[in-house]
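> Supplied in structure tokens, the structure appears directly below.
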Amino acid sequence: MKRIGMLTSGGDCQALNAAMRGVGKCLFNSGERVEIYGFLEGYKGLIYGNFRMLASTDFSGILTKGGTILGSSRTPFKQIKEPDENGIDKVDAMKQNYHKLRLDCLVILGGNGTHKTANLLREEGLNVVTLPKTIDNDLWGTDMTFGFQSAVNIATEAIDCIHTTAASHGRVFIVEVMGHKVGFLTLNSGIAGGADIILIPEIPYDIDKIIHKIEERSKNGRRFTILAVAEGAISKEDSKLSKKEYKEKLKNYKFPSVSYEIAQQIREKTGRDVRVTVPGHTQRGGSPCPYDRVFASRLGSEAGKMVLDGEYGCMVGYKNREIVKVPLEEVAGKLKMVSPDSGVVREAKMLGISFGD
Ligand code: F6P
């Protein structure tokens, strides 16, 4: 008999349900008796003992469904270690609920913050298996996270749509892409969508280089320019500020995001018509793409097998086209970023894409 707790934490994404379905199907098909406790709204459910039992039927019909059947919430790592407003010690509460339900293990699906907490629970003696979820693809220890490819598809479609209207009106268009502090999503959707300029946090930009590219295109008879700008893009000057100084600058920031600042600078320096489009949370919504359905199902079933085999303390990751087990202590607290020297950046530059550097 195996008793398993399952939860999804942090920002949602496509294929969370597909991954849980993979775990559930593997466990229920194993022939072993299993009980699955689905904790609601992320770690909150585990802290306050809110759960519902998941039967095999709960995992049917959810492969293509976006979001998460368990609900999710953000409980930042810093707050996990602090007592709640009623003085409840959250870590203790999670441990107590785990033991009260006599769980053999927790299956936790999440991104960076989630993995820090999962690793803390491991250090506190709980058995944990995790799955790498995020549209940002910024988790250490895996070449890919599920949700990422679906988000690339949506951001690419946004850039595709902008192409026709930008061409008709001869405008400069900025499409702001999610990704938090990293540029994987912008880089991939930018290349796929044929953006002329791609700005990512890992390669700080110089506004004059951006202007130069726009003017150069114009001289070559191109009536429009499309920029794919990561929400975390940063200028060369700002990248020289300390973390504290940059935070301070953002406090008094008069633009909704960096894309609007860049748009304003382009307008002022070129007199051109500039528009900003922000696909925002559409990038996290809707049905997972076929790649993510397969990928998340594979990761899920491997996680299920790890539970059955009693192999705990690891994230199920993906390295060099193979599913791998990565110790949680290697994953937690590290950010995977785009390397400015990577092949994909070099190749994009050879395609004529400017990174504003
Ligand atoms: O981590 C996923 C992500 O969508 C990031 O790309 C983005 O910065 C953030 O979450 C948005 O968070 P929220 O949904 O809390 O606004």
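Placed from the backbone N, Cα and C atoms, the Cβ positions cover glycine too.
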> Going by TrEMBL, T134, I135, D136, R171, M178, G179, H180, E231, H281, T282, Q283, R284 bind substrate; tell me which of R275, R293 is listed for that site too.
R275
> According to TrEMBL, R74, T75, G111, N112, G113, T114 bind ATP; identify which of G5, G11, G170, G183 is listed for that same site.
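When TrEMBL describes the ATP site, the candidate it includes is G11.
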> For a Cβ distance below 6 Å to any atom of ligand 1, name the binding-site residues from H180, T282, R284 that qualify, or say none.
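The qualifying binding-site residues are H180, R284.
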> Nearest to G11 (ATP binding site) by Cα distance: which of the binding-site residues T134, D136, H180, R275, T282 is it?
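When the Cα distances are compared, T134 comes out closest.
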> Can you tell me how far the Cα of D136 (substrate binding site) sits from the Cα of N112 (ATP binding site), in Å?
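Cα of D136 (substrate binding site) to Cα of N112 (ATP binding site) measures 10 Å after rounding.
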> Is T134 (substrate binding site) helix, strand or coil when read with DSSP?
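For T134 (substrate binding site) - judged by DSSP and reduced to three states - the answer is coil.
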> Using R284 (substrate binding site) as the reference point, find which of the binding-site residues T75, G111, N112, G113, T114 has the shortest Cα-to-Cα distance to it.
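So, spelling it out, the nearest of the binding-site residues is G111.
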> Quick one: of the binding-site residues T134, H180, R275, which has its CA closest to the CA of T114 (ATP binding site)?
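Answer for the nearest of the binding-site residues: T134.
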